[in-house]
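Heads up, the thing below is written out as structure tokens.
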Amino acid sequence: MAFRIASSPFTHNQQRTQRIMLWVILACLPGMLAQVYFFGYGNLIQVGLASATALIAEGVTLSLRKFAVRTTLADNSALLTAVLLGISLPPLAPWWMVVMATVFAIIIAKQLYGGLGQNPFNPAMIGYVVLLISFPVQMTSWLPPEPLQTISLSFHDSLVIIFTGHTPDGHTMQQLMHNVDGVSQATPLDTFKTSLRSGQTPQNILQQPMFAQSLSGIGWQWVNIGFLIGGLFLLMRGTIRWHIPVSFLLSLMFCALLSWIIAPDKFAQPMLHLLSGATMLGAFFIATDPVTASTTNRGRLIFGALIGLLVWLIRTYGGYPDGVAFAVLLANITVPLIDYYTKPRAYGHHR
């Protein structure tokens with residue numbers, strides 16, 4: 001009788017890379033739709049521009065490296081990076097910033113390390129942080145949510161201002177940022193931090209128009225709920241595991257709740273941290289990147305909790321309004337150490 005020797009893996013499932021990436025992209029849709037409803041068509045344009053740039057940049061790089069271009073592009077990893085980057089950027093960020101961030105994410109943060117599976121840092125967050133450090137003013141220039149906007153923008157208006165810097169009627173981004181009260185608009189996290197440092201109390205800050213309907217800011221709670229729905233969908237499908245999102249959110253909520261209980265006149269309420277900024281996007285779509293996150297169950301819990309702690313620290317004491325991107329990248333640095341000390345012991349051997 002002939003014995004056939006086979007190599008691993010001995011079991012297979014349908015979780016191919018191409019399909020996983022596609023499901024993650026589809027899970028972003030609820031949050032993206034909420035963004036479009038409250039902040040206009042800008043993020044859709046950014047996603048489209050980033051996607052085209054990512055595919056071109058990855059195709060050129062693969063060609064120079066003598067890799068199979070069509071086969072590699074078909075894994076949808078470049079497309080997912082572009083989508084995550086596009087929905088993270090301000091809706092009306094200039095086109096050249098989107099192109100710059102995407103090229104940096106694909107070529108420097110991904111392909112320079114060897115491509116998918118080799119990069120130690122999340123490419124989308126690398127691209128985002130490059131822009132945040134280089135162009136902080138543009139990266140914190142968000143439109144007021146739809147109920148507070150003085151000028152309604154069509155798809156064509158958004159497209160024109162992204163590529164020219166002004167609407168067809170001549171309105172600049174600075175003019176569009178003013179809400180119905182004539183006050184320059186920022187994100188809820190940025191507004192809360194800036195107002196708190198200027199001496200205002202949390203009670204006074206929450207009287208501002210953007211907090212009229214929600215402690216997390218008009219529109220932002222629905223954007224986060226949209227990404228939460230998408231994240232729960234990924235959990236039910238088994239595309240991601242629960243360890244990182246749960247430990248991330250619990251860590252963030254614990255820090256926010258404890259500080260608020262101790263000094264409610266100096267710290268933001270927990271709901272502002274939970275349902276504002278990029279909290280749910282970071283918890284379910286960015287921190288769970290299988291390439292750059294920890295690979296053990298205990299390690300994932302530590303990794304997620306570390307990100308939650310860093311997000312709270314940066315939001316509370318840092319110079320930037322939101323800390324998800326920096327927190328994820330800093331946690332990426334610790335992954336080898338976390339995996340080393342949390343790897344399961346092989347039977348019959350010491351760790």
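Cβ from N, Cα, C; glycine included.
The annotation FMN phosphoryl threonine is assigned in Swiss-Prot to THR187. Annotated transmembrane segment per Swiss-Prot: 20-40, 44-64, 89-109, 123-143, 215-235, 244-264, 267-287, 301-321, 322-342, in sequence order, evidence recorded as sequence analysis.
The transmembrane segment (123-143) makes contact with the transmembrane segment (322-342), as judged by at least three Cβ pairs under 8 Å among residues 6 or more apart in sequence. Counting Cβ atoms from all protein chains shown, THR187 (FMN phosphoryl threonine) has 20 others lying within 10 Å of its own Cβ.
Mapped onto three states, the DSSP output places the residue listed as 'FMN phosphoryl threonine' in coil.
Here the transmembrane segment (89-109) has long-range neighbours at 35, 39-43, 46, 49-50, 53-54, 57-58, 61, 78, 81-82, 119, 121-124, 126-128, 130-131, 135, 138-143, 158, 161-163, 165, 173, 176, meaning same-chain residues at least 6 beyond its ends whose C-beta is under 8 angstroms from one of its own.
Outside the transmembrane segment (301-321) by six or more residues, the chain places 132, 136, 140, 186-187, 189-190, 193, 243-256, 259, 267-268, 273, 277, 279, 282-283, 287, 293-294, 327-328, 330-331, 334-335, 338, 342 with a CB less than 8 A from a CB of the stretch.
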